[in-house]
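Could you have a look at this structure, given as structure tokens, before my questions?
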Amino acid sequence: MPTGSVKLQSIKQLGQENHSYEVSDEGNVAQKNEEQPAIRVGFFELFRFATCKDILMMVVGCLCALLHGSAQPLMLLVFGLLTDAFIEYDIELQELSDDRKECVNNTIQWKKNYTAAYNLSAPINQSDIGLLNSTLEMFVPLENRTCGLLDIEYEMMMFAFYYAGIGAAVFLLGYLQISLWVTAAAKQIQLIRKLYFSKVMRMEIGWFDCTSVGELNTRMSDDINKINDAIADQVSIFVQRFTTFVCGFCVGFVKGWKLTLVIIAASPLIGVGAGLMALFVSKLTGMELQAYAKAGSVADEVLSSIRTVAAFGGEKKEVQRYDRNLVSAQRWGIRKGLIVGFFTGFMWLVIFLCYGLAFWYGSSLVVDTKEYTPGTLLQVFFGVLIAAMNLGQASPCLEAFASGRGAATIIFETIDREPEIDCLSEAGYKLDRVKGDIEFHNVTFHYPSRPEVKILDQLNVVVKSGETTAFVGSSGAGKSTAIQLIQRFYDPKEGMVTLDGHDIRGLNIQWLRSLIGIVEQEPVLFATTIAENIRYGRPGVSDKDIITAAKEANAYNFIMDLPQKFDTLVGEGGGQMSGGQKQRIAIARALVRNPRILLLDMATSALDNESEAVVQAALDKVRMGRTTISIAHRLSTIKNADVIVGFEHGQAVERGKHNELLERKGVYFTLVTLQSQGDKALNEKARQMADHEDEPERLKLSRAGSYRDSLRYYTNSCPITPSLHHICSFSWLKEDDELVEPASAARILKYNTPEWPYMLFGSIGAAINGGVNPVYSLLFSQILATFSVQDPVAQRKEINSICLFFVVVGIVSFFTQLLQGYAFSKSGELLTRRLRRLGFQAMLGQEVGWFDDHRNSPGALTTRLATDASQVQGATGSQIGMIVNSLANIGVALIISFYFSWKLTLLILCFLPFIALSSGFQASMLTGFAKQDKEAMEAAGQISGEALNNIRTIAGLGKEKTFVEMYEAQLDAPYQAALKKANVYGACYGFSQCIIFLTNSGSYRFGGYLVQKEGLHFSLVFRVISAIVTSGTALGRASSYTPDYAKAKISAARFFQLLDRVPQISVYNDKGEKWDNFQGNIDFIDCKFTYPSRPDIQVLNGLNVSVKPGQTLAFVGSSGCGKSTSVQLLERFYDPNHGKVLIDGHDTTRVNVSFLRSKIGIVSQEPILFDCSIAENIKYGDNLREISMNEVISAAKKAQLHDFVMALPEKYDTNVGSQGSQLSRGQKQRIAIARAIIRDPKILLLDEATSALDTESEKTVQEALDKARQGRTCIVIAHRLSTIQNSDIIAVMSRGIVIEKGAHDQLMALKGAYYKLVTTGAPIS
């Protein structure tokens, strides 16, 4: 037992008993999972939720499965008798075809008149001798052969009845075993779902921080489905197959132990072959993945630093680097195909040799020692064969059991886990009167998901009842955390939070939360009507109260303007409403509770000016007489608070009224200075615009947001879950998330055309392999025919030649399997590599904005390259092989059958569709009905998804119970569907199992008729029946074995979607203007811009600024004011939505992209280096030419880098590590500067290039930058004023526009924002 698992147990216990969060047990379990299978649930524990009725159903189901399992071996006994009857009849026919014999008293005798005719005393002529010999033969008394008793048609009639009887029983048993088990499982699964969801909804918020919502959603759908697979039909199928395995061997040993032992002796070879094949395949797959991992890490590195790659034009270089790493993966893939072909061939070879051996030895037992009848030989042979096959088929069930137990581990552990803050518990006091005094006493806190980061550090704050207290401070200072502690989403690690002097941990949670109304920054509305959303605030509230609350929240008027008024649906997540409307509905929802305590967390920050004023007015109205805590960044909202508390690093550092705090020149002061300036400028602009043109534009002057914010928002607000993507459907997520149409096979093949010779040879191999099955039935029936041959010498000779033929077929099959495996894997791997390269190239060609979409995160894209491309080969090579194989199989079978007996063939063909259907059905059944289950679960999934995504809101409103009830109501539909499925599925299973019995029943009956009436040789009956039946099952198999064809087509479609997408800003395109004397003259003219990933936030609001060649422009401003954004527009990562950027008078949107970028060098705040040597990183600066080492060194000298590199042992060949991790920040920064210098750019962009450095390195880097700036147009973004004082132009930005610009001295003389910043020395951001 590996030590890991023991450790796991202890972690689990630790987390449970002392409720300590030192170890987040979910997370740790997940990490350990990778290393060893975390199955801590025994198989029978899966049934812990079964009632007595369920257990009864399962027991009866098992009994049926046992009986069903014994049916196939039973049928063998009948089959043996049937064979003997046929052979006996054939021998009788042969005997009686000799006209010297006749049938007397049911025994065969010589005809009397022959024996009497000879007088032996007569002299013998020479001529009579021949006649005499043949006559002497007649004096030998005949073996006692019966005749006339065997009415073959009647016999066959009896056998037909046996078969039909067994078939009917099988149908019934199959139906019962499946439907009983599926029904029982459906009941248990429904219960597990209910328990799991209600337990998850009771968990404390800290648990949700450590468990992603996506993971929970998959657990609710996939993991519970896995448990379902493990406790439903698979169990009964396993029991049935195992019984068949046991009975088959019993038949073999009882009827003929010698032959059984001989066959068993050869069978380990097959097992060894299969085992080795599995071993090699998993080894080689590992190797292939490892080889691909290298290419994958290249892709990941490149996609994560796409901006750097784009800025330095390294796209083509990266595609080549990626392609080089794909070669080894391709090699392993081809080897894997070869090995699979080899072992499949080997197994077929062994199987045919085994057939040969068994029939050769068996026939000697029949013919020479007369121990067996031919029927016994067949019983033994097929008994062992069926047993072996069923053992093989029982193994997938074991996989289902294992994955079910694995899935159950986490689910059952969650069901058993006791929440630390149980929101549904009845415990705790409820106070009679609530004043509303809140106090934090030395509260220390860190989030369970990030135990190393202290959020609150010895926080002491008093909030008096009836007052409005404002919390201000930079983001991350702990303001929102304090609010979450008041709601008791978390408990503090040290210290306590009190309400009216009572520790809130002693109060009843639901009651405590019912006192609190909360309005958040991004209010969450549920997908129902406005009235219902407000009603969530307090259960059982009257319509009159709803209207009052809406009026107080300034929402009444806009609601009454809507066509359906209060019955308007707000859409998923409130998507149909504007920000201001959502916010006001949320306020109404908070007010309807009539709360004692009102918490406003940035309640107006997401709004534009007009709606802000309205919402603010609503809030001012409702604050009266309530304890209110307001968190805000906007001054206008805080000014009139009773008390303002300034937060910094998790402590309350200042407290007082607006004017007192301004005098202190601390946290609050800095915020105020920057903001008021920005506001003034914006209002100015709005006024001018209003004068000029009354266009709706001015409504858009909303809060600015930086690029980093937009990404942060992006990742937080929409948890990416595979199944419940649609819960967070922002309107723009909808547009291209439509399901892709599967790609046409023709187009996939087009990419595979260069490999046609491989595919041709592969197909030839496949065709021969397909022909092998029917040939087997030919040989098998030939063997039976030999048993009725009377001449022993001829008989022996024939038997030997047939056994030899088996060997030949085996050898041929070995080589053709090898050929098929190799050829198709070769063509498939070449295709995979080609697609990966094309896909990667297409990705790098997209515009930068495309990468902001979370669906195109580096992780998602690398997985897409890894999996989609390799799945596509399932639609070409192996797919063609499979089709050719089945066609050849069926073709050969039909030719054989029609040739030997067209009448019988036609009869069996009537059954063929059913046989093929049943095999195909069984195959699809093994994959289970998961897809239909998923559809039935959609509605429940939507509720659970909505609940889990918005768990904080639900907890704040105390609505957990409601959601649990809604979820349970939705579970009824899937349950009813499962019951219906149980019957359909049971019937289908029964049918698929019994069809083969019915086919045999009909065909042997008709065969008997043909043998008697039309003199058909009996071996042909067997030949035709077995040829067609095997080809029928092959048909079904082909439909199932096709390596997921549909999946391949969808993967291909996703790929082609990527290849066909036309980027808005194309790098590979040669179009666009280029000119020779590039000056570097830059003008931003009235640029407006929003990030595509966050269209509701205006980042640039009409930016106007220009730089002459050789000048240095410095941008100053708080974060989020659009400084970095303007640089990205210049690089043309994005195009402005309105206005233009001109370079030397050319509009950037018309300039050739790579030409433009080649003239710009960029040094950013966190420079991204690639995992290669220092020299290579510097050379990356110019990817259009070969760069000599001298150039590298001179660039390094300019960047003050040369001396430090020469001090390293490997000098310029030193590897910088992944992301440059081997170097200090100052060193990375200087390499980045050298990289920018080597381009010899006309324009140099420095984005906070020294902000991350300590003073020492800053000096060095600053000198390097000053050198680099000479003679170039330069744009600097900086937070430290010292670095920009000597710039030619300084532009102070706020909220997306420039509020002041000029040289340092001019701005100081203005005594505006810049002056304040310099004199107070306050940090800018």
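Yeah, the Cβs are placed from backbone N, Cα and C, and that goes for glycine too.
Heads up, here are the entries from TrEMBL:
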- 59-403: domain 'ABC transmembrane type-1' (DOMAIN)
- 438-674: domain 'ABC transporter' (DOMAIN)
- 760-1047: domain 'ABC transmembrane type-1' (DOMAIN)
- 1082-1320: domain 'ABC transporter' (DOMAIN)
- 160-184: transmembrane segment (TRANSMEM)
- 260-281: transmembrane segment (TRANSMEM)
- 338-360: transmembrane segment (TRANSMEM)
- 756-779: transmembrane segment (TRANSMEM)
- 799-824: transmembrane segment (TRANSMEM)
- 880-900: transmembrane segment (TRANSMEM)
- 906-929: transmembrane segment (TRANSMEM)
Can you tell me which recorded stretch out of 59-403, 760-1047, 1082-1320 has the most Cβ pairs within less than 8 Å of the domain 'ABC transporter' (438-674)?
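When the Cβ pairs under 8 Å are tallied, 760-1047 comes out ahead.
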Short question: which residues 6 or more past the ends of the transmembrane segment (880-900) have a Cβ under 8 Å from it?
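Long-range Cβ neighbours of the transmembrane segment (880-900): 759, 762-763, 765-771, 773-775, 777-778, 820, 824, 908, 1020, 1023-1024, 1027-1028, 1030-1031, 1034-1035, 1037-1038, 1041-1042.
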Let me spell it out: take the transmembrane segment (260-281), skip the flanking residues so only those 6+ beyond its ends count, and list any with a Cβ under 8 Å from a Cβ in it.
249, 252-253, 336, 339-340, 343-344, 346-347, 350-351, 353-354, 357-358, 361, 380-381, 383-385, 388
Short question: which residues 6 or more past the ends of the transmembrane segment (338-360) have a Cβ under 8 Å from it?
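Residues 259, 262-263, 266-267, 269-270, 273-274, 276-277, 280-281, 284, 377, 381, 772, 776, 779-780, 783, 799-800, 802-804, 806-807, 809-811, 813-822, 825 contact the transmembrane segment (338-360) from elsewhere in the chain.
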Where else in the chain does the transmembrane segment (756-779) make close Cβ contacts, counting only residues six or more beyond its ends and a cut-off under 8 Å?
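Here the qualifying positions are 348, 352, 355, 802, 805-806, 809, 812-813, 816-820, 822-824, 826-827, 876-877, 880-882, 884-893, 896, 1022-1023, 1026-1027, 1030-1031, 1034.
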For the domain 'ABC transporter' (438-674), would you mind checking the mean pLDDT of the predicted model?
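Across the domain 'ABC transporter' (438-674), the average pLDDT comes out at 78.
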